[in-house]
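Take this structure, written in structure tokens, and hold onto it; I'll ask about it next.
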Amino acid sequence: MLLTMLKAKLHRATVTQADLDYEGSIAIDRDLLDASGILPNEQVDVLNITNGARFTTYAIEAPRGSKVIGVNGAAARLVQKNDLVIVVTYCQMPAEEARNYAPTVVLLDEGNLIKKAA
């Protein structure tokens, strides 16, 4: 049996931009992608702490060091600049492996700087 487990989480990221006219996706600073293990084009769920909205999209790379968290396309209607969000990805693995598995969790401050990563 395969279980769906949390793979990675960016916790309390601050939305820096929302672009309705862009094709889609969420742009994430390359430093944050690297710290979390989220890959460009990987499916992510975005949980808006500020308004409760939840949506699925895919990650794209924003410039390294930019601190960008930019929601694009139709999902831009579900966020506003300065909203706090959680970005999560999942993976599947056998139940035996899942018992000892630990996801990567990256805690961010209000400027999208890494406070803690584990």
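Every residue gets a Cβ built from N, Cα and C, even glycine.
Below are the features listed in Swiss-Prot for this protein:
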- Ser25: active site, schiff-base intermediate with substrate (ACT_SITE)
- Ser25: pyruvic acid (Ser) (MOD_RES)
- Thr57, Gly73, Ala74, Ala75: substrate binding site (BINDING)
- Tyr58: active site, proton donor (ACT_SITE)
Hey, which of the binding-site residues Ala74, Ala75 is the loneliest by Cβ count within 10 Å?
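Each of the binding-site residues Ala74, Ala75 was scored; lowest Cβ tally within 10 Å is Ala74.
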Can you name every residue in this chain, apart from Thr57, Gly73, Ala74, Ala75, with its Cβ inside 8 Å of the center of the Cβ atoms of the recorded substrate site?
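Everything else in range on the chain: Gly24, Ser25, Ile26, Phe55, Val71, Asn72, Ala76, Leu78.
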Looking only at DSSP and grouping its letters into three states, which state does Ala74 (substrate binding site) belong to?
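Ala74 (substrate binding site) sits in a helix per DSSP.
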Let me know how many other Cβ atoms fall within 10 Å of the Cβ of Gly73 (substrate binding site).
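Excluding its own Cβ, the number within 10 Å is 16.
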Starting from the Cβ of Thr57 (substrate binding site), draw a 10 Å sphere and report how many other Cβ atoms land inside it.
19
What count of other C-beta atoms do you get within 10 angstroms of the C-beta of Ser25 (active site, schiff-base intermediate with substrate), across all chains shown?
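Result for Ser25 (active site, schiff-base intermediate with substrate): 20 neighbouring Cβ atoms inside 10 Å.
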Around the residue listed as 'active site, proton donor', how many other CB atoms lie within 10 A of its CB?
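Neighbour count, Cβ to Cβ under the 10 Å cut-off: 14.
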Whole-number answer please: how many Å between the C-alpha atoms of the residue listed as 'active site, proton donor' and the residue listed as 'active site, schiff-base intermediate with substrate'?
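That separation, Cα to Cα, works out to 5 Å.
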